[in-house]
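Chemist: Once you've had a glance at the structure underneath, I'll fire off some questions.
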Amino acid sequence: MELKAEEEEVGGVQPVSIQAFASSSTLHGLAHIFSYERLSLKRALWALCFLGSLAVLLCVCTERVQYYFHYHHVTKLDEVAASQLTFPAVTLCNLNEFRFSQVSKNDLYHAGELLALLNNRYEIPDTQMADEKQLEILQDKANFRSFKPKPFNMREFYDRAGHDIRDMLLSCHFRGEVCSAEDFKVVFTRYGKCYTFNSGRDGRPRLKTMKGGTGNGLEIMLDIQQDEYLPVWGETDETSFEAGIKVQIHSQDEPPFIDQLGFGVAPGFQTFVACQEQRLIYLPPPWGTCKAVTMDSDLDFFDSYSITACRIDCETRYLVENCNCRMVHMPGDAPYCTPEQYKECADPALDFLVEKDQEYCVCEMPCNLTRYGKELSMVKIPSKASAKYLAKKFNKSEQYIGENILVLDIFFEVLNYETIEQKKAYEIAGLLGDIGGQMGLFIGASILTVLELFDYAYEVIKHKLCRRGKCQKEAKRSSADKGVALSLDDVKRHNPCESLRGHPAGMTYAANILPHHPARGTFEDFTC
(Lines of atoms letter the chains of each structure in order from A; the text may use other names.)
(Lines give C-alpha, C1' and ligand atoms only; values in the text may rest on other atoms or scores of the structure.)
Protein backbone atom coordinates (compact mmCIF):
# COMPACT_ATOMS: atom_id res chain seq x y z
CA MET A 1 0.00 0.00 0.00
CA GLU A 2 2.85 2.37 0.79
CA LEU A 3 4.49 1.68 -2.56
CA LYS A 4 1.26 2.43 -4.38
CA ALA A 5 0.75 5.72 -2.58
CA GLU A 6 4.30 6.85 -3.32
CA GLU A 7 3.88 5.97 -6.98
CA GLU A 8 0.81 8.18 -7.16
CA GLU A 9 2.74 10.99 -5.50
CA VAL A 10 5.53 10.79 -8.08
CA GLY A 11 3.02 10.71 -10.92
CA GLY A 12 1.56 14.01 -9.75
CA VAL A 13 -1.31 15.01 -7.52
CA GLN A 14 -4.56 15.13 -9.44
CA PRO A 15 -5.80 18.74 -9.72
CA VAL A 16 -9.07 19.77 -8.17
CA SER A 17 -12.21 19.35 -10.21
CA ILE A 18 -13.51 22.12 -12.42
CA GLN A 19 -16.43 22.58 -10.03
CA ALA A 20 -14.12 23.06 -7.07
CA PHE A 21 -11.96 25.51 -9.02
CA ALA A 22 -14.99 27.46 -10.25
CA SER A 23 -16.41 27.77 -6.75
CA SER A 24 -13.20 29.43 -5.50
CA SER A 25 -12.33 31.43 -8.65
CA THR A 26 -12.56 35.23 -8.64
CA LEU A 27 -13.97 35.17 -12.19
CA HIS A 28 -17.59 36.25 -11.88
CA GLY A 29 -20.21 33.77 -13.07
CA LEU A 30 -17.88 30.78 -13.29
CA ALA A 31 -19.23 29.21 -10.08
CA HIS A 32 -22.78 29.33 -11.48
CA ILE A 33 -21.77 27.70 -14.76
CA PHE A 34 -19.67 24.84 -13.33
CA SER A 35 -21.72 24.01 -10.25
CA TYR A 36 -22.33 20.58 -8.69
CA GLU A 37 -25.95 20.70 -9.73
CA ARG A 38 -27.25 18.84 -12.72
CA LEU A 39 -27.55 20.69 -16.03
CA SER A 40 -30.37 23.18 -15.71
CA LEU A 41 -31.84 26.25 -17.37
CA LYS A 42 -30.16 28.43 -14.77
CA ARG A 43 -26.70 27.11 -15.66
CA ALA A 44 -27.42 27.52 -19.37
CA LEU A 45 -28.49 31.15 -18.90
CA TRP A 46 -25.38 31.89 -16.86
CA ALA A 47 -23.20 30.32 -19.56
CA LEU A 48 -24.98 32.34 -22.26
CA CYS A 49 -24.55 35.60 -20.36
CA PHE A 50 -20.90 34.86 -19.68
CA LEU A 51 -20.13 34.07 -23.33
CA GLY A 52 -22.00 37.19 -24.46
CA SER A 53 -20.07 39.37 -22.04
CA LEU A 54 -16.82 37.76 -23.16
CA ALA A 55 -17.64 38.44 -26.82
CA VAL A 56 -18.41 42.10 -26.14
CA LEU A 57 -15.20 42.37 -24.11
CA LEU A 58 -13.14 40.98 -27.01
CA CYS A 59 -14.75 43.43 -29.46
CA VAL A 60 -14.10 46.43 -27.22
CA CYS A 61 -10.51 45.38 -26.49
CA THR A 62 -9.84 44.82 -30.20
CA GLU A 63 -11.12 48.31 -30.99
CA ARG A 64 -8.93 49.83 -28.27
CA VAL A 65 -5.83 47.99 -29.51
CA GLN A 66 -6.49 49.12 -33.09
CA TYR A 67 -6.94 52.70 -31.92
CA TYR A 68 -3.64 52.55 -30.05
CA PHE A 69 -1.76 51.37 -33.15
CA HIS A 70 -3.09 54.29 -35.19
CA TYR A 71 -0.75 56.45 -33.04
CA HIS A 72 -2.97 59.52 -32.83
CA HIS A 73 -1.68 62.73 -31.29
CA VAL A 74 -3.23 65.91 -29.96
CA THR A 75 -1.82 69.43 -29.89
CA LYS A 76 -1.50 71.34 -26.63
CA LEU A 77 -1.36 75.13 -26.81
CA ASP A 78 -0.18 77.16 -23.82
CA GLU A 79 1.22 80.58 -23.02
CA VAL A 80 3.96 80.88 -20.41
CA ALA A 81 4.92 84.15 -18.75
CA ALA A 82 8.64 84.93 -18.53
CA SER A 83 10.71 87.46 -16.61
CA GLN A 84 13.00 87.90 -19.62
CA LEU A 85 13.31 86.59 -23.16
CA THR A 86 16.23 86.18 -25.51
CA PHE A 87 15.86 88.66 -28.34
CA PRO A 88 15.89 86.95 -31.75
CA ALA A 89 18.50 87.37 -34.46
CA VAL A 90 17.47 89.92 -37.09
CA THR A 91 18.95 89.55 -40.58
CA LEU A 92 18.43 92.29 -43.18
CA CYS A 93 19.48 92.59 -46.82
CA ASN A 94 19.23 95.43 -49.29
CA LEU A 95 17.22 94.25 -52.28
CA ASN A 96 19.94 95.67 -54.51
CA GLU A 97 22.92 93.32 -54.44
CA PHE A 98 25.66 95.57 -55.84
CA ARG A 99 26.33 99.28 -55.56
CA PHE A 100 26.69 100.90 -58.95
CA SER A 101 29.60 103.07 -57.82
CA GLN A 102 31.58 100.02 -56.67
CA VAL A 103 31.38 98.13 -59.96
CA SER A 104 34.82 98.51 -61.53
CA LYS A 105 35.85 98.05 -65.16
CA ASN A 106 37.25 94.62 -64.33
CA ASP A 107 33.97 93.69 -62.60
CA LEU A 108 32.02 94.87 -65.63
CA TYR A 109 34.24 92.89 -67.98
CA HIS A 110 33.72 89.62 -66.08
CA ALA A 111 30.19 90.05 -64.67
CA GLY A 112 28.56 92.65 -66.95
CA GLU A 113 26.45 90.07 -68.76
CA LEU A 114 25.43 88.40 -65.47
CA LEU A 115 24.22 91.79 -64.16
CA ALA A 116 22.40 92.51 -67.46
CA LEU A 117 24.46 95.68 -67.89
CA LEU A 118 26.18 94.37 -71.04
CA ASN A 119 25.30 91.89 -73.75
CA ASN A 120 27.47 89.01 -74.87
CA ARG A 121 29.43 91.40 -77.12
CA TYR A 122 30.36 93.59 -74.14
CA GLU A 123 28.03 96.37 -75.33
CA ILE A 124 25.40 98.36 -73.45
CA PRO A 125 22.15 96.81 -74.72
CA ASP A 126 19.74 99.77 -74.58
CA THR A 127 21.14 103.24 -74.07
CA GLN A 128 17.73 104.92 -74.37
CA MET A 129 16.57 103.51 -71.01
CA ALA A 130 19.63 104.64 -69.08
CA ASP A 131 19.94 107.67 -66.88
CA GLU A 132 22.30 110.16 -68.51
CA LYS A 133 24.66 110.31 -65.56
CA GLN A 134 24.75 106.51 -65.12
CA LEU A 135 25.09 106.02 -68.88
CA GLU A 136 28.10 108.27 -69.04
CA ILE A 137 29.81 106.40 -66.19
CA LEU A 138 28.89 103.04 -67.64
CA GLN A 139 30.14 103.91 -71.14
CA ASP A 140 33.48 104.87 -69.69
CA LYS A 141 33.75 101.62 -67.72
CA ALA A 142 32.58 99.56 -70.70
CA ASN A 143 35.40 100.81 -72.91
CA PHE A 144 37.63 97.72 -72.99
CA ARG A 145 40.06 98.87 -75.67
CA SER A 146 43.58 98.01 -74.63
CA PHE A 147 42.15 96.67 -71.34
CA LYS A 148 43.92 93.77 -69.71
CA PRO A 149 41.50 91.84 -67.47
CA LYS A 150 42.63 90.86 -64.01
CA PRO A 151 41.67 87.78 -61.99
CA PHE A 152 38.10 87.94 -60.73
CA ASN A 153 36.56 86.36 -57.63
CA MET A 154 32.82 86.41 -56.97
CA ARG A 155 33.21 86.33 -53.18
CA GLU A 156 35.46 89.39 -53.24
CA PHE A 157 33.07 91.11 -55.64
CA TYR A 158 30.04 90.50 -53.39
CA ASP A 159 31.93 91.70 -50.34
CA ARG A 160 33.32 94.84 -51.95
CA ALA A 161 30.33 95.93 -54.05
CA GLY A 162 27.57 95.03 -51.60
CA HIS A 163 25.88 97.73 -49.53
CA ASP A 164 27.81 98.72 -46.41
CA ILE A 165 25.89 98.83 -43.13
CA ARG A 166 27.99 101.79 -42.04
CA ASP A 167 26.55 103.82 -44.90
CA MET A 168 22.99 102.53 -44.61
CA LEU A 169 22.54 102.75 -40.82
CA LEU A 170 21.40 106.23 -39.80
CA SER A 171 20.14 105.42 -36.30
CA CYS A 172 20.12 102.35 -34.05
CA HIS A 173 18.69 101.75 -30.58
CA PHE A 174 18.15 98.57 -28.59
CA ARG A 175 16.05 98.85 -25.42
CA GLY A 176 16.62 102.61 -25.57
CA GLU A 177 20.41 102.31 -25.69
CA VAL A 178 22.45 103.35 -28.71
CA CYS A 179 23.83 100.58 -30.94
CA SER A 180 26.07 100.84 -33.98
CA ALA A 181 27.18 99.09 -37.16
CA GLU A 182 29.64 97.08 -35.04
CA ASP A 183 26.67 95.21 -33.57
CA PHE A 184 25.82 93.78 -37.01
CA LYS A 185 27.64 90.73 -38.36
CA VAL A 186 28.20 90.25 -42.09
CA VAL A 187 26.46 87.19 -43.54
CA PHE A 188 26.10 86.20 -47.18
CA THR A 189 22.75 85.04 -48.55
CA ARG A 190 21.29 84.74 -52.02
CA TYR A 191 20.66 88.49 -51.79
CA GLY A 192 24.39 89.03 -51.45
CA LYS A 193 25.99 90.85 -48.54
CA CYS A 194 23.59 91.01 -45.59
CA TYR A 195 23.83 91.80 -41.89
CA THR A 196 22.61 90.06 -38.75
CA PHE A 197 21.89 91.84 -35.47
CA ASN A 198 22.27 89.77 -32.28
CA SER A 199 23.75 86.78 -34.07
CA GLY A 200 25.21 85.41 -30.82
CA ARG A 201 28.42 84.50 -32.65
CA ASP A 202 32.05 85.56 -32.31
CA GLY A 203 31.77 85.24 -28.53
CA ARG A 204 29.07 87.88 -28.22
CA PRO A 205 26.31 87.16 -25.71
CA ARG A 206 22.74 86.93 -26.89
CA LEU A 207 20.82 90.06 -25.99
CA LYS A 208 17.77 89.81 -23.75
CA THR A 209 14.75 91.99 -23.20
CA MET A 210 12.90 92.51 -19.93
CA LYS A 211 9.70 94.14 -21.20
CA GLY A 212 7.29 93.97 -24.08
CA GLY A 213 6.09 96.75 -26.36
CA THR A 214 7.75 99.39 -28.51
CA GLY A 215 10.93 100.89 -27.16
CA ASN A 216 11.98 97.57 -25.63
CA GLY A 217 13.38 96.01 -28.78
CA LEU A 218 15.39 97.02 -31.85
CA GLU A 219 14.66 100.29 -33.64
CA ILE A 220 16.77 101.24 -36.67
CA MET A 221 16.59 103.91 -39.36
CA LEU A 222 18.10 102.92 -42.71
CA ASP A 223 19.00 104.60 -45.97
CA ILE A 224 18.49 102.06 -48.77
CA GLN A 225 20.60 104.18 -51.20
CA GLN A 226 18.44 103.93 -54.29
CA ASP A 227 20.91 106.08 -56.22
CA GLU A 228 23.31 103.14 -55.94
CA TYR A 229 20.87 100.65 -57.48
CA LEU A 230 22.00 99.05 -60.72
CA PRO A 231 20.08 100.21 -63.79
CA VAL A 232 17.61 97.62 -65.05
CA TRP A 233 17.75 97.03 -68.81
CA GLY A 234 16.88 93.38 -68.81
CA GLU A 235 15.94 90.46 -66.62
CA THR A 236 18.28 88.00 -64.99
CA ASP A 237 18.26 86.08 -61.72
CA GLU A 238 20.26 88.92 -60.19
CA THR A 239 17.80 91.63 -61.30
CA SER A 240 15.63 93.31 -58.67
CA PHE A 241 12.61 95.46 -59.50
CA GLU A 242 11.91 96.36 -55.87
CA ALA A 243 13.33 98.98 -53.57
CA GLY A 244 13.69 98.35 -49.86
CA ILE A 245 15.10 95.68 -47.60
CA LYS A 246 14.31 92.05 -46.87
CA VAL A 247 14.17 91.06 -43.19
CA GLN A 248 14.12 87.70 -41.42
CA ILE A 249 13.57 87.21 -37.69
CA HIS A 250 14.98 83.86 -36.63
CA SER A 251 16.68 81.90 -33.87
CA GLN A 252 20.43 82.19 -33.36
CA ASP A 253 20.65 78.41 -33.79
CA GLU A 254 19.67 78.47 -37.45
CA PRO A 255 21.20 80.26 -40.44
CA PRO A 256 19.16 82.88 -42.31
CA PHE A 257 17.17 81.71 -45.31
CA ILE A 258 15.99 85.16 -46.20
CA ASP A 259 15.14 84.66 -49.87
CA GLN A 260 12.49 82.10 -48.86
CA LEU A 261 11.43 83.20 -45.37
CA GLY A 262 12.04 86.95 -45.21
CA PHE A 263 9.48 89.76 -45.39
CA GLY A 264 9.88 93.09 -47.17
CA VAL A 265 10.13 96.56 -45.64
CA ALA A 266 9.51 99.53 -47.92
CA PRO A 267 11.11 103.00 -47.80
CA GLY A 268 8.91 105.91 -46.81
CA PHE A 269 7.31 103.91 -43.99
CA GLN A 270 7.92 103.07 -40.36
CA THR A 271 7.24 99.36 -39.99
CA PHE A 272 6.28 97.92 -36.59
CA VAL A 273 6.88 94.20 -36.11
CA ALA A 274 5.29 92.74 -32.97
CA CYS A 275 6.78 89.31 -32.26
CA GLN A 276 5.87 86.37 -30.10
CA GLU A 277 8.26 83.53 -29.44
CA GLN A 278 6.80 80.14 -30.25
CA ARG A 279 8.39 76.95 -28.97
CA LEU A 280 7.23 73.97 -30.96
CA ILE A 281 7.62 70.39 -29.76
CA TYR A 282 6.81 67.65 -32.26
CA LEU A 283 6.60 63.90 -31.78
CA PRO A 284 8.92 61.44 -33.55
CA PRO A 285 7.56 58.49 -35.54
CA PRO A 286 5.21 56.70 -35.31
CA TRP A 287 3.17 59.48 -33.66
CA GLY A 288 4.66 62.26 -35.79
CA THR A 289 7.18 62.95 -38.54
CA CYS A 290 9.85 64.99 -36.79
CA LYS A 291 13.57 64.27 -36.75
CA ALA A 292 15.13 63.64 -33.36
CA VAL A 293 18.22 65.86 -33.28
CA THR A 294 21.36 64.26 -31.87
CA MET A 295 24.85 65.59 -31.31
CA ASP A 296 25.65 64.54 -34.88
CA SER A 297 23.49 66.73 -37.10
CA ASP A 298 23.89 64.46 -40.18
CA LEU A 299 24.66 67.60 -42.20
CA ASP A 300 27.87 68.14 -44.11
CA PHE A 301 28.30 71.86 -43.43
CA PHE A 302 26.42 72.65 -40.19
CA ASP A 303 26.93 71.53 -36.61
CA SER A 304 23.29 71.79 -35.52
CA TYR A 305 20.23 70.61 -37.42
CA SER A 306 17.44 72.91 -38.54
CA ILE A 307 15.22 73.05 -41.59
CA THR A 308 17.07 76.02 -43.05
CA ALA A 309 20.46 74.43 -42.38
CA CYS A 310 19.25 71.25 -44.07
CA ARG A 311 17.99 73.21 -47.11
CA ILE A 312 21.22 75.18 -47.53
CA ASP A 313 23.26 72.02 -47.02
CA CYS A 314 21.20 70.19 -49.64
CA GLU A 315 21.34 73.05 -52.16
CA THR A 316 25.12 73.24 -51.74
CA ARG A 317 25.56 69.53 -52.43
CA TYR A 318 23.22 69.77 -55.43
CA LEU A 319 25.20 72.61 -57.03
CA VAL A 320 28.56 71.00 -56.34
CA GLU A 321 27.35 67.76 -57.94
CA ASN A 322 25.84 69.46 -61.00
CA CYS A 323 28.00 72.56 -61.52
CA ASN A 324 31.26 71.67 -59.74
CA CYS A 325 31.12 74.96 -57.84
CA ARG A 326 29.15 76.75 -55.13
CA MET A 327 27.49 80.12 -54.77
CA VAL A 328 28.99 82.77 -52.52
CA HIS A 329 26.44 82.22 -49.73
CA MET A 330 26.98 78.46 -49.63
CA PRO A 331 29.29 76.77 -47.09
CA GLY A 332 32.04 74.31 -47.85
CA ASP A 333 35.40 74.32 -49.60
CA ALA A 334 34.33 73.87 -53.24
CA PRO A 335 35.46 76.68 -55.58
CA TYR A 336 33.14 79.64 -56.03
CA CYS A 337 31.20 79.74 -59.28
CA THR A 338 32.42 82.12 -61.94
CA PRO A 339 29.97 84.63 -63.49
CA GLU A 340 29.62 82.29 -66.47
CA GLN A 341 28.81 79.35 -64.17
CA TYR A 342 26.31 81.53 -62.28
CA LYS A 343 24.50 82.37 -65.50
CA GLU A 344 24.69 79.03 -67.28
CA CYS A 345 24.43 76.51 -64.43
CA ALA A 346 24.14 77.68 -60.83
CA ASP A 347 21.15 80.03 -61.05
CA PRO A 348 19.04 77.75 -63.30
CA ALA A 349 19.90 74.67 -61.24
CA LEU A 350 19.02 76.33 -57.95
CA ASP A 351 15.77 77.75 -59.37
CA PHE A 352 14.82 74.29 -60.58
CA LEU A 353 15.63 72.76 -57.21
CA VAL A 354 13.60 75.35 -55.28
CA GLU A 355 10.56 75.49 -57.55
CA LYS A 356 10.19 72.05 -59.14
CA ASP A 357 12.28 69.33 -57.54
CA GLN A 358 10.32 68.12 -54.52
CA GLU A 359 12.28 64.92 -53.97
CA TYR A 360 15.96 65.86 -53.76
CA CYS A 361 15.81 68.20 -50.76
CA VAL A 362 13.45 66.61 -48.26
CA CYS A 363 14.16 68.13 -44.86
CA GLU A 364 12.42 66.70 -41.82
CA MET A 365 11.00 68.89 -39.11
CA PRO A 366 13.16 68.89 -35.95
CA CYS A 367 11.38 67.72 -32.81
CA ASN A 368 12.22 70.99 -31.03
CA LEU A 369 11.91 74.27 -32.89
CA THR A 370 11.80 77.95 -32.00
CA ARG A 371 10.13 80.38 -34.35
CA TYR A 372 8.67 83.86 -34.09
CA GLY A 373 5.15 84.85 -34.97
CA LYS A 374 4.89 88.35 -36.44
CA GLU A 375 2.29 91.07 -36.80
CA LEU A 376 3.22 93.95 -39.08
CA SER A 377 1.82 97.46 -39.21
CA MET A 378 3.09 100.59 -40.98
CA VAL A 379 2.83 104.35 -40.87
CA LYS A 380 4.02 106.86 -43.48
CA ILE A 381 7.27 108.76 -42.97
CA PRO A 382 8.31 111.46 -43.13
CA SER A 383 5.36 113.56 -42.18
CA LYS A 384 5.06 116.99 -43.72
CA ALA A 385 6.12 118.45 -40.41
CA SER A 386 9.31 116.37 -40.20
CA ALA A 387 10.39 116.22 -43.85
CA LYS A 388 12.43 119.42 -43.78
CA TYR A 389 14.01 118.56 -40.45
CA LEU A 390 15.15 115.12 -41.64
CA ALA A 391 16.40 116.55 -44.93
CA LYS A 392 18.48 119.07 -43.03
CA LYS A 393 19.68 116.52 -40.48
CA PHE A 394 20.98 114.05 -43.07
CA ASN A 395 21.90 116.68 -45.68
CA LYS A 396 19.52 115.21 -48.25
CA SER A 397 16.56 116.51 -50.18
CA GLU A 398 13.00 115.93 -49.01
CA GLN A 399 12.42 113.76 -52.07
CA TYR A 400 15.45 111.64 -51.21
CA ILE A 401 14.18 111.20 -47.64
CA GLY A 402 10.80 109.99 -48.87
CA GLU A 403 12.32 107.57 -51.39
CA ASN A 404 15.15 106.11 -49.31
CA ILE A 405 14.54 106.36 -45.57
CA LEU A 406 12.75 103.66 -43.60
CA VAL A 407 12.35 102.87 -39.91
CA LEU A 408 12.09 99.32 -38.59
CA ASP A 409 10.86 98.67 -35.04
CA ILE A 410 11.00 95.04 -33.82
CA PHE A 411 9.77 94.14 -30.33
CA PHE A 412 7.98 91.50 -28.29
CA GLU A 413 4.27 92.15 -28.04
CA VAL A 414 4.14 90.75 -24.51
CA LEU A 415 6.80 89.15 -22.37
CA ASN A 416 5.68 85.56 -22.70
CA TYR A 417 6.18 82.69 -25.08
CA GLU A 418 3.77 80.28 -26.65
CA THR A 419 4.27 76.52 -26.49
CA ILE A 420 2.75 74.34 -29.17
CA GLU A 421 3.32 70.75 -28.16
CA GLN A 422 2.25 67.50 -29.74
CA LYS A 423 1.25 64.86 -27.21
CA LYS A 424 0.35 61.21 -27.58
CA ALA A 425 -3.42 60.93 -27.63
CA TYR A 426 -3.38 57.36 -26.33
CA GLU A 427 -0.49 55.79 -24.45
CA ILE A 428 0.12 52.25 -23.23
CA ALA A 429 -1.07 53.14 -19.72
CA GLY A 430 -4.39 54.28 -21.15
CA LEU A 431 -4.70 51.09 -23.19
CA LEU A 432 -4.08 48.89 -20.15
CA GLY A 433 -6.48 50.97 -18.07
CA ASP A 434 -9.23 50.65 -20.68
CA ILE A 435 -8.75 46.91 -21.07
CA GLY A 436 -8.68 46.43 -17.30
CA GLY A 437 -11.82 48.51 -16.86
CA GLN A 438 -13.69 46.60 -19.57
CA MET A 439 -12.60 43.27 -18.06
CA GLY A 440 -13.95 44.35 -14.69
CA LEU A 441 -17.20 45.61 -16.23
CA PHE A 442 -18.05 42.63 -18.41
CA ILE A 443 -16.59 39.56 -16.65
CA GLY A 444 -15.38 40.88 -13.29
CA ALA A 445 -11.80 39.83 -13.99
CA SER A 446 -8.40 41.27 -13.25
CA ILE A 447 -4.81 40.35 -14.01
CA LEU A 448 -4.77 38.04 -10.98
CA THR A 449 -7.90 36.31 -12.29
CA VAL A 450 -6.13 35.60 -15.55
CA LEU A 451 -3.19 34.19 -13.59
CA GLU A 452 -5.61 31.91 -11.73
CA LEU A 453 -6.90 30.51 -15.02
CA PHE A 454 -3.41 29.94 -16.37
CA ASP A 455 -2.33 28.26 -13.14
CA TYR A 456 -5.28 25.85 -13.21
CA ALA A 457 -4.75 25.08 -16.90
CA TYR A 458 -1.07 24.39 -16.21
CA GLU A 459 -1.90 21.92 -13.43
CA VAL A 460 -4.42 20.07 -15.61
CA ILE A 461 -2.06 19.84 -18.60
CA LYS A 462 0.85 18.72 -16.43
CA HIS A 463 -1.25 15.97 -14.88
CA LYS A 464 -2.43 14.72 -18.29
CA LEU A 465 1.09 14.65 -19.69
CA CYS A 466 2.54 12.88 -16.64
CA ARG A 467 -0.10 10.15 -16.83
CA ARG A 468 0.62 9.43 -20.50
CA GLY A 469 4.30 9.85 -20.94
CA LYS A 470 7.65 10.24 -19.36
CA CYS A 471 6.49 11.02 -15.84
CA GLN A 472 4.92 7.56 -15.49
CA LYS A 473 8.15 5.76 -16.41
CA GLU A 474 10.16 7.89 -14.06
CA ALA A 475 7.63 7.17 -11.32
CA LYS A 476 8.00 3.39 -11.76
CA ARG A 477 11.79 3.56 -11.71
CA SER A 478 11.72 5.69 -8.59
CA SER A 479 9.21 3.39 -6.91
CA ALA A 480 11.36 0.31 -7.56
CA ASP A 481 14.36 1.96 -6.00
CA LYS A 482 12.34 2.95 -3.00
CA GLY A 483 10.90 -0.60 -2.68
CA VAL A 484 14.39 -2.13 -2.27
CA ALA A 485 15.30 0.37 0.32
CA LEU A 486 12.13 -0.32 2.25
CA SER A 487 12.81 -4.12 2.31
CA LEU A 488 16.26 -3.66 3.81
CA ASP A 489 14.83 -1.37 6.40
CA ASP A 490 12.22 -3.91 7.29
CA VAL A 491 14.92 -6.54 7.79
CA LYS A 492 16.87 -4.27 10.01
CA ARG A 493 13.80 -3.47 12.02
CA HIS A 494 12.88 -7.17 12.35
CA ASN A 495 14.16 -8.88 15.69
CA PRO A 496 13.55 -12.68 15.72
CA CYS A 497 15.17 -13.18 19.10
CA GLU A 498 12.35 -11.42 20.87
CA SER A 499 9.77 -13.78 19.42
CA LEU A 500 11.82 -16.84 20.12
CA ARG A 501 12.47 -15.87 23.70
CA GLY A 502 8.81 -15.51 24.18
CA HIS A 503 8.12 -19.06 23.01
CA PRO A 504 6.91 -21.17 25.99
CA ALA A 505 8.83 -24.36 25.21
CA GLY A 506 11.71 -23.04 23.31
CA MET A 507 13.20 -24.88 20.36
CA THR A 508 15.82 -27.68 20.74
CA TYR A 509 17.57 -29.85 18.17
CA ALA A 510 19.58 -33.08 18.31
CA ALA A 511 23.27 -32.84 18.50
CA ASN A 512 23.82 -34.44 15.14
CA ILE A 513 21.51 -32.14 13.30
CA LEU A 514 24.20 -29.47 13.00
CA PRO A 515 27.68 -30.53 12.03
CA HIS A 516 30.61 -29.77 14.30
CA HIS A 517 28.21 -29.02 17.16
CA PRO A 518 28.50 -31.92 19.57
CA ALA A 519 26.36 -30.43 22.26
CA ARG A 520 22.66 -29.77 22.06
CA GLY A 521 21.60 -26.15 21.88
CA THR A 522 18.53 -24.14 21.34
CA PHE A 523 17.80 -22.37 18.01
CA GLU A 524 17.62 -19.20 20.01
CA ASP A 525 21.19 -19.59 21.16
CA PHE A 526 22.35 -20.35 17.64
CA THR A 527 20.74 -17.46 15.95
CA CYS A 528 21.14 -14.90 18.64
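Keep in mind that glycine also has a Cβ here, set from the backbone N, Cα and C atoms.
Quick caveat, the model's predicted, so the values are computed rather than measured.
In case it's useful when we look at the structure, here is the feature table from Swiss-Prot:
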- C93-C194: disulfide bond (DISULFID)
- C172-C179: disulfide bond (DISULFID)
- C290-C367: disulfide bond (DISULFID)
- C310-C363: disulfide bond (DISULFID)
- C314-C361: disulfide bond (DISULFID)
- C323-C345: disulfide bond (DISULFID)
- C325-C337: disulfide bond (DISULFID)
- N368: N-linked glycosylation site (CARBOHYD)
- N395: N-linked glycosylation site (CARBOHYD)
- S479: phosphoserine (MOD_RES)
- S499: phosphoserine (MOD_RES)
- E79: site 'Involved in channel desensitization' (SITE)
- F352: site 'Involved in the inhibition by the spider venom psalmotoxin-1' (SITE)
- D357: site 'Involved in proton-dependent gating' (SITE)
- 1-49: topological domain 'Cytoplasmic' (TOPO_DOM)
- 67-427: topological domain 'Extracellular' (TOPO_DOM)
- 459-528: topological domain 'Cytoplasmic' (TOPO_DOM)
- 50-66: transmembrane segment (TRANSMEM)
- 428-458: transmembrane segment (TRANSMEM)
Chemist: Hey, of the disulfide-bonded residues listed (C310, C314, C325, C345, C367), which one tops the CB count within 10 A?
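Modeler: Counting Cβ neighbours within 10 Å, the top one is C310.
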Chemist: Taking the Cβ of F352 (site 'Involved in the inhibition by the spider venom psalmotoxin-1') as the centre, how many other Cβ atoms fall within a 10 Å radius?
Modeler: 13
Chemist: I'd like to know which of the recorded positions E79, C337, C345, N368, N395 sit within 10 A of C290 (disulfide bond) at the Cα level.
Modeler: N368
Chemist: Please list residues from the chain of E79 (site 'Involved in channel desensitization') whose Cβ is under 8 angstroms from its Cβ, counting only those at least six apart in sequence.
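Modeler: In sequence order, N416, Y417, E418, T419 meet the Cβ cut-off.
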Chemist: Below 8 Å Cβ to Cβ and six or more residues apart, same chain only. Which residues does that give for C363 (disulfide bond)?
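Modeler: Set apart from C363 (disulfide bond) by at least 6 residues yet with Cβ under 8 Å, we have I307, C310, R311, C314.
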Chemist: Who sits close to C323 (disulfide bond): which same-chain residues at least 6 apart have their Cβ under 8 Å from its Cβ?
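Modeler: Expected: C337, Q341, C345, A346, A349.
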Chemist: Measuring Cα to Cα, how far is F352 (site 'Involved in the inhibition by the spider venom psalmotoxin-1') from C367 (disulfide bond) in Å?
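Modeler: Just about 29 Å between their Cα atoms.
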Chemist: For N368 (N-linked glycosylation site), which residues in the same chain are close in space, meaning a Cβ under 8 Å from its Cβ, but six or more apart along the sequence?
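Modeler: The answer is R279, L280, I281, Y282, V293.
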Chemist: Cα distance, C361 (disulfide bond) to C325 (disulfide bond), nearest Å?
Modeler: 18
Chemist: Ten-angstrom check, please: count other Cβ atoms within 10 Å of the Cβ of C179 (disulfide bond), all chains counted.
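Modeler: Summing over all protein chains shown, C179 (disulfide bond) has 19 other Cβ atoms within 10 Å.
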Chemist: Fewest other C-beta atoms within 10 angstroms of its own C-beta: which of the disulfide-bonded residues C93, C290 fits that?
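Modeler: So among C93, C290, the disulfide-bonded residues given, the one with the fewest Cβ atoms within 10 Å is C290.
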